[in-house]
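K.L.:
I am attaching a structure below and will ask some questions about it afterwards.
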C-alpha cells in the first residue's frame with residue numbers, strides 16, 4: 001500500500017496541525033521540553049478515532065504512573081546510585097513483563113509506566129531537586145500532545161473503526177463461507193488452506209481492533225457484544241468444518257456416500273452458497289432460527305433431515321454408519337452455528353433494529369476473548385530491558401559520563417517497544433541507522449532554518465515539509481514503525497527548546513547519547529533475547545500441547561470456546577512465521593489447526609464418560625492418561641505421530657459404548673443430542689479420525705467383561 005493517497009495526506013495534515021498546536025501551547029506556557037508534546041503527537045496518532053482516544057487515554061495514564069514511580073524511586077535511593085540503578089532496572093523489567101501478558105492496547109499503559117520512570121528520573125540523579133518539576137512538565141507536555149492529537153484527528157475528516165471492523169467481519173465471513181463450500185464439495189484441502197489461515201489472523205486482528213472500538217462514540221455495549229458473539233460463533237464453526245471434511249473423506253475412501261446423505265450435503269452447500277453475505281442485513285428476519293419464513297423453514301428442514309438420517313444408524317451401527325452418524329451430527333451443528341453467525345452479522349449491520357429473543361439473549365452477555373501469552377519469553381524480555389538499563393548506567397558511571405545517563409532511558413525504550421518480536425535486533429538496528437539519517441535533517445533545522453526565522457508562524461511553515469510526510473508514513477501499516485522511529489529521533493534531535501542554542505558540540509553529543517542507548521540495547525538483546533523462528537514456533541505449539549494434556553486429565557474448562565479462541569490465536573501467531581520456517585515447521589503449523597478438534601473431542605468424551613458404566617470410564621481414563629503423556633512428550637521434544645497402539649484403545653471404547661446399549665431414539669425423525677452414549681460415540685470416533693486419519697476401519701474389539 002502506497003503512502004501517496006488522499007487518506008494518508010489528510011492524516012499527515014492532521015499530524016502537522018497537531019504539532020503546530022502543541023508547540024504553540026507549550027511555548028505559550030514556557031514549558032522546558034516541548035519536544036515531548038511533539039513526540040506524543042506522532043505516538044498517539046492512529047488511523048481511527050477510537051484508537052486515538054484509546055492511545056491518548058493509555059499514554060496519559062502510563063505517563064502519570066511512570067512519573068509517580070520516578071518521584072518515589074529517585075528520592076528514596078538517590079544517595080546510593082548503584083542501588084538506584086538496580087531498582088530502576090527492576091521497575092522497567094517488571095513493567096515490561098506485565099505489559100507482555102496483555103497483548104491488547106491496555107498493555108501499553110504498564111510498559112509506558114516502566115520506561116517513563118527511567119526517562120523522567122535518571123537525568124535528575126545528579127540534582128534531584130528538579131525531579132518534581134521535570135515529572136510535572138513531562139506530564140503537562142504529554143497531555144498537551146494528547147489533547148492536540150485528539151482534537152485534530154477527531155474534527156478534521158475523522159475515520160471511525162466501524163468500517164474496519166465491518167470490513168474485517170465481512171472478509172472473515174467470506175473466508176469461512178469459502179472453506180465451508182470447499183469442505184462440502186470435497187475439493188482438495190489446499191483449496192481452502194489459504195482461507196482458513198486468513199481466518200485465524202483476521203479473528204485476532206478483530207479482537208485487537210475491538211479493544212479500541214469501545215472508545216468510539218457510536219459503540220454501544222450490545223453492539224460490541226454482538227461483534228464478540230459473532231467471533232465466538234465463528235470460532236465454533238472451524239472445528240466443525242475440520243470434522244466434516246474428514247468424515248466425508250473417510251466415507252469416500254471406503255465407498256460411495258449414501259445417496260440421502262449426499263443429497264443432504266448438496267442441499268446444505270446450496271443453502272450456504274445462496275446466502276449473500278454482503279446483503280445479509282436485508283434478510284435479517286429470514287435467517288434467524290425459530291420463525292416461519294421460507295428461509296427459516298429451510299434451516300429447520302435441513303436440521304430435520306440430519307435427524308432423520310441419524311436415527312437410521314443408531315441401532316447396531318457399522319463403522320460406515322458411525323462415520324455417517326458423526327457427519328450428519330456435525331452438519332446439523334454447522335447449520336445452526338452458521339445461521340447464528342449470519343443473524344448476528346445482520347444485527348451488527350442494523351444496530352438500531354430490535355433483535356429477536358435469541359439474538360437479544362446472546363448479545364446481552366459480556367464476553368472477553370483470551371489471547372496467547374508466553375510467560376517465559378516475557379521474563380527473558382524483562383531481563384533484557386533490566387540488564388540494558390544496568391549496562392548503560394554502569395558504562396556512564398565507570399567513565400564518569402554524566403550526560404550519558406540520558407542514554408539509559410533510550411536503551412529501556414528500545415528494549416521495551418520491540419519486545420514482541422522474535423528478533424528485536426532487526427528493528428533496533430533500523431533505529432540505530434535512523435539516528436544517523438536523522439542527524440543531518442535535525443542539524444539543518446537547528447543550524448540552518450531556525451536561525452533564519454524570527455516568528456512562530458514562519459517556524460510552523462518551515463515544519464510543513466517535514467511533519468506532513470512523517471505523518472503520511474505513520475498512516476501506512478508497512479511504513480508505520482519506520483515513520484514513527486524517524487519522527488521520534490528527528491524531533492529529539494531538533495529539541496524544540498524555547499531558547500535556540502547554536503552549540504554544535506552539544507548537539508553532536510546529544511546524538512551520540514542516543515546512538516549509545518540504542519547500541520547498548522542491540523548488544524544486550526543480541527546476547528539474551530533473540531530466538532530462532534523454529535524455537536518460536538515450538539514455544540507456541542508447546543503451549544497448545546500442554547493445554548491438551550491438561551484437558552486430558554485435568555480440570556475441564558467451563559467454556560470450550562474460550563480455549564478454542566486461544567488455540568486459534570496461537571495459529572494466527574504461527575502463520576506469519578511460515579515465510580521463514582522450514583517445510584517441517586510448516587507441517588507442524590498445519591497440524592496445529594487439527595489440535596482444535598482433538599481438544600473438543602477429548603473434552604466431550606470426558607464429559608460423556610462420567611455418566612457411563614465404570615468399565616467404560618476406566619478405559620476412557622487409561623486412554624486419556626496415555627494422551628496426556630503423548631502431548632507432554634511433544635511439548636518437550638517436538639511433534640511426533642501418536643503411537644499406533646492407541647487405535648486399539650479407542651476401538652475398545654467404541655465397542656463398549658456400542659455394547660452398553662443400542663442408542664435409542666424417542667420418536668421418528670428425532671434423536672437426543674444430550675444422550676451420553678451418542679455423544680461418547682461421536683467424540684471417540686472423532687478422536688480416532690483426528691489422531692489416526694489413515695488407520696484401517698474400526699473393528700469391534702473382543703474383551704473380557
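Just so you know, glycine gets a Cβ as well, placed from its N, Cα and C.
Unlike curated entries, TrEMBL annotations are predicted automatically.
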K.L.:
Can you say which of 321-341, 342-362, 405-425 is given as transmembrane segment in TrEMBL?
P.N.:
405-425
K.L.:
Given the ranges 299-317, 432-450, 546-564, which one is assigned the annotation transmembrane segment in TrEMBL?
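P.N.:
My reading of TrEMBL: the transmembrane segment range is 432-450.
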K.L.:
I'm validating the feature mapping. Which of 481-500, 581-600, 601-620, 621-640 is tagged transmembrane segment in TrEMBL?
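P.N.:
My reading of TrEMBL: the transmembrane segment range is 481-500.
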K.L.:
Of 512-531, 652-671, 672-691, which span is tagged transmembrane segment by TrEMBL?
P.N.:
512-531
K.L.:
For the transmembrane segment (83-101), find every same-chain residue at least 6 residues outside the stretch whose CB is under 8 Å from a CB in it, and list them.
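P.N.:
Answer is 69, 73-74, 76-77, 107-111, 113-115, 117-118, 121-122, 125, 373-375, 377-379, 381-383, 385-387, 389-390, 393-394, 397, 408, 412, 415-416, 419-420.
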K.L.:
Could you give the residue numbers and ranges of same-chain residues that sit at least 6 residues beyond the transmembrane segment (432-450) on either side and whose C-beta is under 8 angstroms from one of its C-beta atoms?
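P.N.:
Cβ under 8 Å, 6 or more out: 459, 462, 466, 482, 485-486, 489-490, 493-495, 500, 502, 504, 507, 511, 514-515, 518-519, 522.
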K.L.:
Which range out of 9-29, 35-53, 405-425 gives the transmembrane segment (377-399) the most CB pairs under 8 Å?
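P.N.:
Top-ranked stretch among 9-29, 35-53, 405-425: 405-425.
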K.L.:
Using Cβ atoms only, state whether the transmembrane segment (35-53) and the transmembrane segment (512-531) have three or more pairs under 8 Å that are 6 or more apart in sequence.
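P.N.:
Not in contact, no.
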K.L.:
Could you name the stretch, out of 60-77, 405-425, 481-500, with the greatest number of CB pairs under 8 A to the transmembrane segment (9-29)?
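P.N.:
Checked against 60-77, 405-425, 481-500; highest Cβ contact count belongs to 481-500.
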K.L.:
Please report, as numbers and ranges, the same-chain residues at least 6 past the borders of the transmembrane segment (405-425) whose CB is under 8 Å from any CB of it.
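P.N.:
For the transmembrane segment (405-425), the sequence-distant neighbours (Cβ-Cβ under 8 Å, at least 6 residues beyond its ends) are 85, 88, 92, 96, 99-100, 103, 111, 114-115, 118-119, 122-123, 125-126, 378, 381, 384-385, 388-389, 391-393, 396, 431, 513-514, 516-518, 520-522, 524-526, 529-533, 536, 577.
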